[in-house]
Each structure stands twice: as structure tokens, then as C-alpha cells.
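To start, the structure under review is shown below, and the notes come after it.
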Amino acid sequence: MYWDTKQWSSACLGDSELADYAKTATSQHFIVITSKTTKPKVFPLCFIEESTCVSRRVFKGWRVSSSVFKLFLEYSVSSKMTGPKGLTVWTSSMFIIGAIAGIGVLSLPKAVEDTGWIGLFFIFVFIVKSAYTATLIGKCWVMIEDRYPEYRSHVPDPYPIIGEKAFGTFGRNLVTVTNNIFNFGTAVVFMVLAANNVVTLLANYTDVSFCYWLLVLSVILAPMTCLGTPKNFWYIGIGATISTGIACVLIVIQTVMDKHEQPIVHHSETSTLKIFTACGKMVFAVAGHSIFPTIITDMKKKNDFYKSALLGYGIVLLMYLPTALSGYLAYGRDVNVNVLKSLSVGNLAHITEILITVHLLFGFVIFMNPICQQFEAIVGVPEEFTWKRCVVRPIIVLAVLFVSESVPHFGTVLSLVGGSATTLLAYVFPCVFYMKLCRDVNEELKLGPHHVINKEGTLTQKSIEYSPLLDHLTGEEESEGAFECEASEASSPASSRTRISEPIVIPMWQKILNTKIVIIGILGGTAATVSAIIDITNPESLSVPCYVSLQGAGT
């Protein structure tokens, strides 16, 4: 229920009514205050505390004189809600699946071939680790919303904000650069793959080159990227998941049929370079962490993101293992880095390629969204739909098109992006940020109610003199002591956070696990990146850009 100005007069609550109301209030509230000499003012992000609502009206440290002010309440969006159009656990899990499943379906059979049977175990381990670190990102954001009420509304750059609240400006800049590199690189990979699939599908009907298809796809994708945030295009997440799920079933069926036609299959020998490169592909195939914070901020109940992560990754595991195993057994050393190119030509292969292409186009929109939101925030594009969005976002698509026209082979780019940015976003950042934010909360609780760690990470004495409400008091009212400040966090210049009342205890096993994930992520990411760079500089991996030769890139 929302109250407008016409309803304020009938919404006044007495002291006893207010105390009773506080006992049942669970949502965030606004305080609307009127004075004899001022217009009504709205002071948001104040919370009613049952323990302080006694004989006088007390709101988060501000004691208000009932003889001077009338107080009115209105519901606002709960700190765990984005509104009736927010994402549910189910639709959020669809975005997780839709964002990450397609690439893994295509690349994991080759990754398993390069690592051998142990590659299947690696896939399982990476999925479990990714699901765990995804839940940490969810906890980080809920923690930030609890401490910083200003982030309970729309946020265009949630992952950089997590980095900022953990490690200041350095953390924000590091996450911003890494996140945008990953999302941009993923968009390039998706566009290149989609164009290659179209070329294969229409090879018997037209001789239009890969380079021209990139142009056509960019024209198709540009208006699709103009959709707002994930809650505005939830059907794209569902469509990407359904198309990938059906494609997985068809791939398994086709590979089983091909295996019967060629029962003897030879496998290649593994090497250190192959293993690290394959691990880069695996990490890329299971990590969609760059978009998870964007999904979380659009959820109805952000505390439930862990359910979405577990559900999403559980379904991804059921997709990946059968397709990776069947491709490995059916084609052996002849399996292509894009398993679709290994399938026998036929109706099943064509349908599968169409479905995967649909997924890639939808996935492109999902991964481009965080980049678009951040860039729009920088240039001042409003959150609501305007013509400015229709100008800015297609320009970003053009930038992706340029890189796609210049890109080398799909497989090496996949390993490079997966080995560098992904390990940081999926394994290192979530663990480090979570432990740092928990430590900050516990430090504040130890310091007591009169201190706070400000945005710069330094200790500050809380002000008990400043109040925006005092600006509306006359000298007589102020001298009457109408307000008594009791260390209000919500209005202190040093902080705009609300206090988490209980310490956050991280068990020792979790600290050890987080530390191991960080170390393995750094070492594995470095090794995979070096391997990918070595591989990408191989003359056989290079291709001529489209603006040099229209038959160049994309092979």
C-alpha cells in the first residue's frame, strides 16, 4: 500500500498504534513528517525498531516530539524485493543456465579429449566450485544492501560496487575492468559462433561469407540489446535454456548414432599445455559470475539466490556430462573444438545447430546487458526506456562487431578469456570479497555503536550533531529539544548504512576452502592464460580479419 499526499491526513498513527504497528512491520518504511511551518518531507530508509517504539515515537535513533510533528508511514519496497516484476528463483536459474550452458555444450567434448577421462571429474569440480562461489556473490550483495540502503533500488553496476565496498576504489576499478573484458569477450565469442553456425546451416543455399553474416547478426542483435534489465527480458533466459536443453538431447542422440557407425575411435595423448588450455575452456563453460550480480539485483527475494545457483548449476551438470562424454567417446581425437562440426550431416545436426544459434543470440543479449547498464550510467542515460538507450546500446554492439570481424579462431579466444578474466570473477573475487565484507561487519560490531568504517575504509567517530530533520525546525522547536540524536547511522555524514546486529561467523573449514579456491584460481588462471597465449600466437591459429579479406576470420 502506498499513500499519496491526499491520504496523509487520514494515515496519522498515534503512539500506541505506532507501537503495535512496529511489532508486525517487516518491510522498509519511509517517514513522512509535517511541521507547522514547512511542507511535508519524506525521509527514506528509516526502519521501525520494536525495541525503541515505546511511549514516544523513536525511529532509528531520532526521538521526535509528538507535540510538534505528526508522523506518517508508507510502505516502500522491502530490502529483499524489487517489486512485483522481479525475478523468481526459477527465472533466475533460467538466466544462469541460459547464460553459460551453450558454450560448454559445444566446447567440453574437445576439452575432455585433451585431458582424458579425468576431464569429466574436472567438469564436476568446476561446476561445484562455481555454484559455491555464486552463492557467495549472493551473500555479498545481501550484506551490502543491509549495510548500504542506497543500493536497494536499481543498481547498474552491482559487481563493481561489491569490489568497492570490500577494497575501495581499487577493488571497484579492478572488478570493472575484469568484468567488462569478460562480458565483452564472451559477446564476441557468441557472435563469432553464431555466424559460423549460420554459414554451416546455409552452405548449400548461399555463398554469403562469415564476415557478412556478422553484419547481419549485429543488425538483428542491436534492437534486442535495447531491452532494460533481466527482469524486463526474462523470456530470453527461458528461451536460451529451453533451446540448449533440447540441443543437448539431440547431440547425445546423434553422437550415439555416429558411434555405432564408427565403433573404433582413437584418442590423442595429453600434455601439460593441452590440460591447462582445456581447463581454461572448462572454467569458461561453467562461469557466468559476471552477470550474477545483475540477476540478483532484479530478484524479488535476493536472499534466495543460492537456490537459483544450486538449481541452475545442477541442471547444467546434467547437460554437460552426457554431451561431453558422448562426444569424447564417439569422435575421440577427431572431435572438433565446436562439437557441432563433428556431427554427421543430417536433420538432427541441422536442428541442433539452429537451437544452439538461438541460444547464442539470447546469450549475447544476457552478457551485453551489464556492459550496457554501466555505460549508460556513465553517460547519463535514464533507467527508463528512452531514445538515448536506442543510440548507446547499438554503438556498443558495433564495437563487438568490430572485434568479431578481427577475431582469430574461436577455441583459442575461448581459452584466453576463460583462463584470465573468468578465474578472477568466478573464484578469486567472490571468496576474497565475502571474507573481507564479513570482517568489516564484525569489526564494526566490536567498535561499538559510536564508530563506523567509512567508504575509505578508515575508522570514523559517528556524528551525533548533524540531522537533515533539524533543518526544518525553528529555533524555538530546536531549543525545546524536539529531537535527541542517538547515533543515527542512517543520517550520519560518515555513513549511510544500517547496522547488522549479529556477527557473521565464517567457519574454519570455509576459510580454508575459500583460501584454496583463491590459490587454485590464481595459479590455474595464470597457467591457462599463458597456455592460451602460446596457442593463440601459433601461426595456424591466426586468421585474416574481415576488413582485410571478406573470407578471412571465423574459421
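Placed from the backbone N, Cα and C atoms, the Cβ positions cover glycine too.
Here TrEMBL flags 86-441 as domain 'Amino acid transporter transmembrane'.
With a threshold of 8 Å between CB atoms, the same-chain residues lying at least 6 positions outside the transmembrane segment (87-108) that come near it are 119, 123, 134, 189-190, 193, 230-231, 234, 236-241, 244-245, 247-248, 251, 281-282, 284-288, 291-292, 295-296, 298-301, 304-305, 307-309, 311-313, 315-316, 319-320, 323-324, 327, 337-340, 356, 359-360, 362-363, 366-367, 411, 414. Taken from TrEMBL, the feature transmembrane segment applies to 87-108 (among others).
Marked as transmembrane segment by TrEMBL: 120-144 (among others).
Long-range Cβ contacts of the transmembrane segment (181-203) within its own chain (Cβ-Cβ under 8 Å, at least 6 residues beyond either end) map to 102-103, 106, 209-210, 213-214, 216-218, 221, 290-291, 338, 340-341, 350, 353-354, 356-357, 360-361, 363-364, 367-368, 370-371, 399-401, 403-404, 407, 410, 413-414, 416-417, 420-422, 425, 553-554. Here TrEMBL flags 181-203 (among others) as transmembrane segment.
Taken from TrEMBL, the feature transmembrane segment covers 210-227 (among others).
Look at TrEMBL and you will find 233-253 (among others) tagged as transmembrane segment.
Here TrEMBL flags 310-331 (among others) as transmembrane segment. Residues 89-90, 92-97, 100-101, 104-105, 108-113, 119-120, 123-124, 127-128, 130-131, 134-135, 241, 244-245, 248, 251-252, 255-256, 258-259, 262, 265, 267, 285-286, 339, 342 of the same chain lie 6 or more positions beyond the ends of the transmembrane segment (310-331) yet place their CB under 8 Å from a CB of it.
Positions annotated as transmembrane segment by TrEMBL: 351-369 (among others).
What TrEMBL records for 413-435 (among others) is transmembrane segment.
Annotation comment: TrEMBL describes 517-534 (among others) as transmembrane segment.
Tertiary neighbourhood of the transmembrane segment (210-227): same-chain residues 191-192, 194-196, 198-199, 233, 236, 361, 364-365, 368-369, 372, 385, 389-390, 393-394, 396-398, 400-401, 404-405, 546, 550-555, selected by CB-CB distance under 8 Å and a gap of 6+ residues from either end. The transmembrane segment (517-534) shares more Cβ pairs under 8 Å with 120-144 than with any other stretch in the list 120-144, 233-253, 351-369.
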